[in-house]
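Working notes, beginning with the structure itself.
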Amino acid sequence: MLEQEEEEELTYSLDDIQKLLQCSICLDRFKQPKLLPCQHTFCQEPCLEGLVRGYSLNLKCPECRAEHRLPYNGVAGFPNNLTIKSFLDLRRKRTRNDSGDVERGGGAGAASADCGQIEQPVPSTAAASRSGCANCNRETFLAKCSHCTQILCEPCTKSHIEQVRNDVLRLVSQLRRGIPRVSNVLSVVDDKAEQFKQRAEVAKADVTEVIERFIMELRSRQRLLHNEIDMFLLGEIRSLTAHKENLQVEIASISSFCQTVESTFTQPDAEVSSDIVKTFREQCVQFMERVRRYEDGSLSLPSERSLRFLMEENRLSDVISNFGEISSVAGDEITTAQNDTQSQEFTPVSSHESTPDINISRSQSEATSSPSPWRNNASSYLRDEGRLHMSSPSSYQTPSSPRSARSWNADYSYPRTSLPSATSDDAAAPRRSLQERRRQHYSDSRISALIGGRVFLNDPQSPGAGRRRTNISRSFSIPEEPYHSDSALTLSRSRTYTPGDSFLENDNENPSPIGHMGTITRSRPTVRFNNISDEETDSTDSEEMLLQVTNFEENESTHIANSVNNYQSKGRSLIRFGQRGNDTMEFTWPRGIAVTREDNILIADSSNHRVQIFDQTGRFLKSFGSYGHCEGEFDCLAGISVNSFGQIIIVDRYNHRIQVFDHHGHFVLAFGEEGCDHGQLLYPWGVACDRMGFIYVCDKENHRIQVFQSNGNFVRAFGFPGHGPGQFENPYYLSISPDSKVYVTDSNNHRIQVFSIYGDYLFSFGSPGSMQGQLRYPKGIVIDPQGFVIVADSGNNRVQVFHGDGRFNCMFGAYGSESGQFKGLEDVALLSNGNIVVSDRENHRIQIF
Amino acid sequence: MAGLPRRIIKETQRLMAEPVPGISASPDESNARYFHVLVQGPKDSPYEGGMFKLELFLPEEYPMSAPKVRFMTKIYHPNIDKLGRICLDILKDKWSPALQIRTVLLSIQALLSAPNPDDPLANDVAEKWKVDEKAAIEEARNWTRKYASAQ
């Protein structure tokens, strides 16, 4: 019974192994098992050999039909299947070793029936445990192994135990090998501790540095305030001295009068005429009058101006007590924490596997990710905090006084204390969260940037408003570099020293400050250099943006149906001049056009590398420039613009630079070079200037707009390659509207994009196509005083006129070389009489409509 | 008969020892390469209830080339012609030496279950099958009754 069961078991297990060792072609045990790349195994001979037909280079696997390339030396070149081979070998060995035991083992007769050899089946442990020694099957004295369930005879137990011992030894040696790993971890932990110490040191140093810096700033603030007080004192003393002198003069004149009268009367021989007596008496009365006025105080002393140190102590100490935060971040990545709440917290890190980083997160505006925003932030606090507030009786405010109390007020009173309508928010809730305030400022300054000039001019009584805007823009556009904040500091300091001149010195780049008074106080910010963070602001504040979009789009042209300049009736060219050539009055690819204040037309005669100047009737005046890369030389100039001082700004396209000329065409300066960094240009094209002389350049191949000061200093860049809002695909030309918006022809995106002068995306219009209002490779653009936008729709060979908000107004022009037709028009410009000048590039001519 | 390959012997032994359900194959007494095959019509097919006689011959190159199989019983099937020749890829280009007699016969049985009129051998039958499958199936049933009913 038992025998029977065992036999079945053995047969079965043998069958399995047999199957595995059987070639599926010959259905026999493998002979030279060869492994194909598809992992199927067959005998080399005759099976695989038989598969190869003729001179075929390929072999198809009989199992999976995968095609394999035959090795160079035929099927023998396939690798041997070593596993199968060792199986085969194993079985042979057993056959030899255990040949004596075959009968007793109760082996698998059935299984071996079909093979020629006598084969001992591999004993299965499961079967063996039932009877006899599990190892040798001899039924001698059996004992249960102490460590496993096997029942073994004595010699086998010994060897088994030996085996177990070896196992244990092996494990021990493995353990030994493992020890270094643990100690490695130990050293890592040590390293970590060291790292922590270092980080802590660094963090401490950071804290110290920052705090020191603040102390410095407080110190400088202290100096500043002291200086202000000194200045005030000086002024007061000076006026008192003057008063004193007046009084002394008064006393002297009175006493000399008395003396004169006395001496006249006391002179014995003198005959005093009644006239003289009468005069004396009148003079006496006069003097008496004056003396009496001093007595009853009606001739007042210079009024006492009180001097107080105003500050919100709590606010600053709040800031200080909540300032800074120690945060620990798991992982090496330091996220720039954006914390408005400024809570103090330190999370200890217990896990030694993570690598926490201690970083000092700085309270910073959501708008910026600049490296040290909080310092600037706080320094603006410092600046704002504790302003000197001087109040004086109004009687003293005489316009003649160069240091009138009003101008003092204008500079020193923080708007919160004294401002009209616009500031009511802040006045009402001075302690709003930082973020909220900033947001408020942000939108305020946006609007003020757009309407600022006008508002301020209409409201000259509130100089504080202007001052406030300065503050605002500073506080929300935090400069990246420390020196910027310094410059802001010096700016405010210098204002402090010469308060009456503050308008002038803020406007050092503008030679006609009076004419631009309004715009200046809109604070064309010397501090607003960082543009990237502003753009981020855009995205974070997009919701707000949407709410305000309607505001952005509005200007005069939005509200009126018909322009002053009658665009509807344009379409017939009034004047045409030029043809291909390089003589005067001839052009080779005319590109940019600009109109001077004298209504002369400047043409960038691109491939003649010169500028030609005509009067508004097309009469040639002069030309300047030649090919080259020195000063005053061009290599395929493109855009051209005239700024408010009459300077000519020319884009020297292939020299990747901007050149500035005076209105006579004499070279002034050049800036820019080939590259992608800030201030570098790559095939720049169009150029425009705003009223303050800032130069906006279409950096065409960098797909961005760059803004420079009129002296060529880089101010900011905005835009990235792409098709989304605020992204460009080869911006060609741009123009600045009277309400200070920047209209850019985003040529390869076939649209016009509109930005604030700070580069904040406002809206865009135009889509690819040739219908009304659609654009194809728009190039030149100009905006009339009412805000109508004239676009050179180059790919459609027409000029289109839009309202300032992008609504289509009218269009004219078609393809051709007749009058009023264009071939690849490039730029447009406006004469003061409303005529449109168009550079008709491929006709090499200029047309005026 | 010089040396019947071990493979054929093994296959034969296995076919005898573990017959495939519904299929019987026995070598001819005089030719070990010639097999008499009986295939039951598969269930749920028009051939259900029929018993189909086939002949199978293992050529000299076997297993490197495919066995030759033919229906001896008349059958109405789009892939089997009047002469009983079978259109089955593994009997032609898709033959593989890893296939065996039993797998071939199983494939034939499967072909009865799933006729493939798009790859026809008997054009008229295939046409009928495509145009009016119901009638074709009925016809196949008739044929089964007529020619393949037990003995």
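Every residue gets a Cβ built from N, Cα and C, even glycine.
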- request: Out of A:96-115, A:616-635, A:816-835, let me know the one TrEMBL marks region 'Disordered'.
  value: A:96-115
Statement: For the repeat 'NHL' (A:812-849), the DSSP residue counts stand at 3 helix, 20 strand, 15 coil
- line: Within the same chain, the residues 6 or more beyond the ends of the repeat 'NHL' (A:574-617) and with Cβ under 8 Å of it are 623-628, 633-642, 646, 648, 650-651, 653, 663, 665, 686-687, 733, 780, 819, 826-833, 835, 837-842, 844-849
Same-chain residues near the repeat 'NHL' (A:671-711), Cβ under 8 Å, at least 6 residues beyond its ends: 509-510, 516, 519-520, 524, 592, 638-645, 647, 649-651, 653-654, 656-658, 660, 717-722, 727-736, 740, 742, 744-745, 755, 757, 759, 780-781, 827
